[in-house]
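Now, the feature entries from TrEMBL:
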TRANSMEM  323-342  transmembrane segment
DOMAIN    439-491  domain 'PAC'
DOMAIN    566-623  domain 'PAC'
DOMAIN    655-783  domain 'GGDEF'
Amino acid sequence: MQPNHRLTHHLLLILLGLMLLASLIHWGLRAQVQERVEQKLHDQSVTLLRQLNQQLQTDLKEIRSDLLYLTDQARQNGLAQPQPSAQAIARTGIAFKVFSRYKRRYDQVRFLDAEGMERVRVNANQGQPTIVPADQLQSKAHRYYFTETIGLPSGAIYTSPFDLNVEHGEVELPLKPMLRLASPVSDAQSNKRGIVILNYLGRHLLNDFLALTRDYPGRTYLLNSEGRYLLSPNKLQEWNFMFPDLPQVGFAQDHPLIWSQITQRGIASSRTAEGRFVHLRMRLPNSQSSLSSSYQNCEFVLILQIPEALLETQIDQEMARQYPLLGLFFLILGAVLIFLTFNREKRRLSELQIQHLNQEIADERDLFIGGPTVVIHWRNEFGWPIDYISSNVEPLLGYTAEEFQSGELSLSSIVAPSYLQQLIQENETAQTDSRSWFERKPYQLVSADGRRLWIQDTTSVIRDSAGHITHFYAYISDISPLKQAEEKLQRSHHYIQNVVDTIADPTLVINIDTYRLEIANSAARQTYCGGASIDAEMTCHRLSHKREVPCSGEHDPCPIELIRKTKAPARVIHKHFDSHGKVIYAEVSATPIFDDTGERVVQIIESHRDITHHVEMEQQLTQLAATDRLTQVFNRMKFDDELVEQIEWAKQQQSALGLIMFDIDHFKRINDNHGHDIGDRVLQEAVAVVQKRIRKSDMLARWGGEEFMIITPLADLAVVETVAEDLRKAIAQHQFPQVGRITASFGASMLHPDDDARALIKRVDQALYRSKREGRNRTTVSP
């Protein structure tokens, strides 16, 4: 095959191989990207569903709390009497009006007596609540919410379906989503005296839902228990079930397969040709009191859809970011393969040229006879018989050229026995590596008078058509004077080594260009190697730092770099490791060694003084300065510094960061009743309770007096709230010696993108203040 044809054939094979490899890598990479994108969107959907569920639960719990509060107000104002007085009705009306003005989320607040007659009604009146006059009050005895509620036990709650407000038989415009909650009012003998009913403006609940889902890339649905649309990407579908004249559609009809799988509460996901659906069926939880509550009608279904088109778009975007790297990879790979192919062909042609040139070299060998270099041509056979050797071999070794060419002597017969194996190995390596020439390591030849001469040679290889070595051409030179100079230099090195071994501190002589150790005294070997010898290729950073890269930077300065810049002695503090891995703090003193010109630094001498004891004492003093003496947790100064660093890190990493603040309730009373010593023990005991229950990554600090702060990195709002509430319960349930049970109030919040430390602390402090204002021994979370 012609050389050009052979090269074209190889290039075509490379091209086909690259195309096949590119197809396989693209297929595998797209599969990985698809899995990663789907998992990311699924996790985002699950997190959003949890937030939506928490927000809806919070809204509904607040409504329930408001209802029970108003029920209690009605009872306290005297409406639980068989015949409430006009004053009782007036007081209740005023209380309901003040409540409505403050809350601003109820369309109506009413009290109906046991016969269903409205006795008190407050209308929202667009933010200016009014008390409806007595002559305009109506009987609601036959309305479903009255009949359902009056039959419930005391403390129970009736919840109506979530629908649109209807006035005079028609849906009110503009649309007014409404949720009605009612609870009976009973006297001391549990006789029903009426009900309190709230008309909740559902737009508040829907706005919370829309605010949380605003940035969600997929589609969001809010359904009632029958699968009817309350919120939908298609606005024409919303509240469709409230208009009988319109075609009745719902999620159950549009997506029957998905709806059939939403059978129980909790977060679940389903996959169809339309994409992935992550859904949650939720209902307002039961009261935590001993009284029962009824929420059969207040059930919602939250659904998040990740359409196939969205998945494909994000996969394509992710793949687009990978294509430049893939292209660069294949470009480099192709270039390397083409280079190797050209190089292989070039080497083959070169070997052919060498074979043709061997004859020309033989014709010109007489040029070397008069010089110090001996030319030798020998066969790659047993004993290495010599076909030709230049006549200048006689003054070098004392043998004549005729003794070799007649077969009386061979190359193997004059090689010193201790070096014969070296030459054999080098010949085998030349055969394996397909080299055309190589330089041997120095070896010894034995002269006719028994002297051993150091030889350096350059050997060319001659091969047959099958690539096997048949002959060698070598140019040998006597380097014995050079070797004698090296031995003298080694003796000088040993003398210097003995001198530096007398120095007590670890001392090193380092090559400034390679960082390699030229000399290491016995103290250095004992400290860093346990007395063992040091590898000839050992560097200073591998010896003392146990790492592969040199020192660098402000906190780990390299004395070599300093000397390169200043050409003056340098002194730094380094963290070293001994042969057992134990940390040693060393004061490193480095002195430059210049070349003969006095301008260029070639080496440095380093001396390492062990100052571990002094550094450890400084670290202990630093720890004492950052610790509260009473509780042994971080003090406020350390907390302030740590919070700033944690905020900066969280913003850089775009990760969550929470902050919890708690205060021992009525702590002054403890000091007044039991004394400050007992108060101090209470603080220490409370800290011990908290430390057992926070994560290792959390930081507890004493803020001042009986106030404490906890920084919670990488924790979302749900985790922060859970941690704070668990700590509050743990303190409340703990038996404190000599004091008994105490309580603590907690406030918590999350870092906002535009927060600094002061803003975050202020929000947490406000949350704590709210916990105290609302009765203490509670947790308030400010999102």
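Cβ from N, Cα, C; glycine included.
Residue counts for the domain 'GGDEF' (655-783) under DSSP, helix first, then strand, then coil, are 58 helix, 34 strand, 37 coil.
When pLDDT values are averaged over the domain 'GGDEF' (655-783), the model yields 93. Taking DSSP states H, G and I as helix and E and B as strand, the domain 'PAC' (439-491) has 12 helix, 27 strand, 14 coil. Taking DSSP states H, G and I as helix and E and B as strand, the domain 'PAC' (566-623) has 13 helix, 30 strand, 15 coil.
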